[in-house]
Ligand SMILES: [Zn+2]
Ligand SMILES: [Zn+2]
């Protein structure tokens, strides 16, 4: 029997890149005759929907593989999605050729939860903390029938966790893995095993090595919100990645910026959560950066990576966000001035247009990374990217925003200037 | 001067209902029509493409809101509201006066215009008929409304007559200052409160001005429904048969059905999209509150047989989840259905009139919508009786 999921690497360690570990692969889903080229982003969803977008909007985007987060469906004590007889794709109205990856926790913001025990895992929901047992997990996967899923793991959410707690989380995750793996095999869904180890490089290595001894299809590596700097975080991710077998795909959580994604690609990651597109949208910004298309003789520095649509200067800008973009907003010629107006008027179409654009652009960014690797210029493109763009963290564009109103256009001031106190 | 044609192709042989094609600068509109309200240059959570895909031929923008944001200067730079929002269908704008009176404190009407306190700094300003025209010319809607002297429909006494005559004078000023007669139609608004004599006088005067269409104004302000329908019916009797008649601010399903039977061609209301935000879906069997937990185990669509993209693709169970968690997607899904419902309701009436089966359709609608006859609103029964449809039979 051929596996439902196979992974082929086009470039291995003999690549001429300096780091030697940049990977370019293909994930093949045999049941649906679909392939995903890596490195790639999983499209971020909230309760199974791409934020702000209905199916008709999503259809116009290059979305192929979505990440569905289980903790967002267990608000109800008895989640109805567990009882829907036709699987999660149909429940969420995803086109048949959309692939779904199912994991437990939100890859964008890992909220701290009380504690996990040997019997259950705690997740946070609107309705408070809920406990998920391996049995519930299996029930959900059976009902959902996703194209791939991650197993449950005891992920530590306390930044100052002691080594004893970290060791226990590695052991407990391995125990759960052995417990659930047969159930997962029975359901027949390709599984990714979480590699844990929190802030300990040694424990990360131990978790990676031991997990890799099990018969799983891939791995998830999580460095969300460890409260460390970029460098220390990257070091921890590397401690996991370098101890994993080369022939299996790795999903990495916690690199939620273009720079982070590039660092992680350079460290051997294959798949990322796509929450960056959503984060940028919520800040009223549109991605405008490119990778691998900046010519070497261009000496520009410190260019912005995004444009802030809340900015009052946008109100007279009758151009599209990016004339080379193929998203709905740019294709339908919606201007920056209009999107600015929609944000300023607190209209829901604003985030719809921005999200469409940003999801498209994030996909485009990943495609340029793949092209760059294919063309053997990833290292130099990365250097150029870091020189060309500004890397300060961009804040919420709405901060200090005051609604712009043009009172003059409603009428003329009365000759006798009388001011009333309202 | 008129930038529209209005052709009635079918008349109900019992009621005053009629099916027509109103051709405006941005294409034909099948009437009777419901016009969804895109207050600030966008229909709640829908792209212009989605609105077009549901065969919506005309929507509203509000002059007051567009005047404040983005303002006249930007509308002029953009080349008007169609271009600004990339909407190739038709647009209708109100005069801005009603919104001012209802939204702003201290709005007061003088012969010059509507005096209001600036929402910016409270200084006194004036919206005149000329200014409303200038702003509406900048927006560039296919149909514009005259500035009228808005009074509550509950007002009585000499103020009603004053408002009626002032609205006539303001119509003259609007006509005189309208700068785009070739591609924008100006509609007059019939005033006169609940007084049939004043309404008659107002119709007489305004018909003399020969505007391309007429609106019945000053209603839907809390008056008795029995008074409401009588005024509507009186106006449709008196107004010329070859021009479109618009009843402002009407959008409940039963109101749309009754007013169509009374001979009204055009309607607008914020209700379908506003109620969607609270998770209420409109159906031929009445309103469904999707927040209710009982829908979570329902894997059927919002409304069986609805051809909107929400009903074709999503279950009540999933929408219930999104509506209770206040995800914007849940709100969009219900808005799409509600607008589609209004359009479908109007389309069904057009077809019933065309087949000359409108009275039977009305009976079927009331039975489905209210269930038991005892639940039929008395005013609707009376109104339909007046045009030869006996719901109790
Ligand atoms: Zn775009
Ligand atoms: Zn529907």
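Here the Cβ of each residue, glycine as well, is placed from N, Cα and C on the backbone.
Taken from TrEMBL, the feature Zn(2+) binding site covers A:325, A:327, A:330, A:357. Secondary structure at residue A:327 (Zn(2+) binding site), taken from DSSP and collapsed to helix, strand or coil, is coil.
Look at TrEMBL and you will find A:22-389 tagged as domain 'tRNA-guanine(15) transglycosylase-like'. For the domain 'tRNA-guanine(15) transglycosylase-like' (A:22-389), the model's pLDDT averages out at 93.
Neighbours of the Zn(2+) site: apart from A:325, A:327, A:330, A:357, residues of the same chain with C-beta atoms within 8 angstroms of the site's C-beta centroid are A:286, A:320, A:321, A:322, A:326, A:328, A:329, A:331, A:356, A:360, A:361.
In the structure shown, across all protein chains, A:327 is the one of the binding-site residues A:325, A:327, A:330 with the greatest number of other Cβ atoms within 10 Å. All chains included, 30 other C-beta atoms sit within 10 angstroms of the C-beta of residue A:357 (Zn(2+) binding site).
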